[in-house]
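*Asks:* Marked as ubiquitin cross-link by Swiss-Prot: 6, 11, 27, 29, 33, 48, 63. Among the features that Swiss-Prot reports, domain 'Ubiquitin-like 1' is placed at 1-76, with the record citing sequence analysis. Under the heading domain 'Ubiquitin-like 2', Swiss-Prot lists 77-152, citing sequence analysis as support. Feature annotation from Swiss-Prot assigns domain 'Ubiquitin-like 3' to 153-228; the stated evidence is sequence analysis.
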């Protein structure tokens with residue numbers, strides 16, 4: 001059958017293909033016609049980026065369908081995402097991609113909704129609005145994917161200045177862990193933080209559930225003076 005490939009310059013290329021042709025194979029045909037190396041090609045159909053190992057029929061691409069060819073910037077790179085089951089997913093990304101964007105790509109590959117994904121790199125949980133380059137994530141870096149349990153919840157932390165911080169936590173998170181999240185958001189070292197809930201100072205080794213801290217609970221953050229106890 002014939003399909004069309006439209007480039008960003010508006011040029012349309014016609015290709016002779018079989019439904020069983022793989023995406024790599026199609027990229028090879030584009031290279032033969034246009035001289036563009038496959039690793040610089042990104043093919044889009046119905047808003048989805050096509051993965052090399054899949055076939056045209058996998059994506060329901062039929063005769064006279066039109067694919068869109070986007071050139072991968074030299075900054076394009078691959079990163080790896082390792083799940084708790086030990087499976088490793090490979091993603092094609094740009095340094096400028098946001099974390100939301102990466103979660104969307106994981107959903108496209110694995111079917112996991114972004115709101116159930118927590119991505120960790122170098123021990124830090126990655127925030128949706130930030131980009132890969134913000135976290136200095138470079139080519140062939142490995143991120144860790146932790147599934148947010150249905151028990152995932154939000155809590156609030158109120159500072160002495162009256163500011164309220166929202167945190168995504170699990171009931172099983174330790175107090176140290178919560179202090180780490182506060183440091184990630186606010187830059188306050190954990191050893192300067194004292195967290196108070198229901199009039200009690202929270203101990204590092206305990207968990208939120210130990211203190212019966214539930215969703216939308218409010219903790220109070222008091223700064224520990226240097227040299228204070």
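Heads up, the Cβ atoms here are built off N, Cα and C, so glycines get one too.
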*Asks:* Could you state the CA-to-CA distance between residue 6 (ubiquitin cross-link) and residue 27 (ubiquitin cross-link) to the nearest Å?
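*Replies:* Cα-Cα, rounded: 13 Å.
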*Asks:* Between residue 11 (ubiquitin cross-link) and residue 27 (ubiquitin cross-link), what C-alpha distance do you get in Å?
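*Replies:* Cα-Cα distance, residue 11 (ubiquitin cross-link) to residue 27 (ubiquitin cross-link): 16 Å.
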*Asks:* In Å, rounded, how far does the Cα of residue 29 (ubiquitin cross-link) sit from the Cα of residue 63 (ubiquitin cross-link)?
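*Replies:* Residue 63 (ubiquitin cross-link) has its Cα 16 Å from the Cα of residue 29 (ubiquitin cross-link).
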*Asks:* What mean pLDDT does the predicted model reach across the domain 'Ubiquitin-like 3' (153-228)?
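*Replies:* Over the domain 'Ubiquitin-like 3' (153-228), the predicted model scores a mean pLDDT of 88.
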*Asks:* Measuring Cα to Cα, how many angstrom lie between residue 33 (ubiquitin cross-link) and residue 27 (ubiquitin cross-link)?
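*Replies:* So the Cα of residue 27 (ubiquitin cross-link) lies 10 Å away from that of residue 33 (ubiquitin cross-link).
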*Asks:* Return one of helix, strand or coil for residue 11 (ubiquitin cross-link), based on DSSP.
*Replies:* coil
*Asks:* Rank the recorded sites 6, 11, 27, 33, 63 by the number of other Cβ atoms within 10 Å of each Cβ and report the first-ranked residue.
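*Replies:* Per the Cβ count, the most surrounded site is 27.
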*Asks:* Let's see if you can do this one: DSSP helix, strand and coil counts over the domain 'Ubiquitin-like 2' (77-152), in that order.
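*Replies:* Here the numbers are 18 helix, 28 strand, 30 coil.
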*Asks:* Tell me, if you would, which residue among 29, 48 (recorded sites) has the fewest other CB atoms within 10 Å in the structure shown?
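*Replies:* Across 29, 48, these recorded sites, the one with fewest Cβ atoms within 10 Å is 48.
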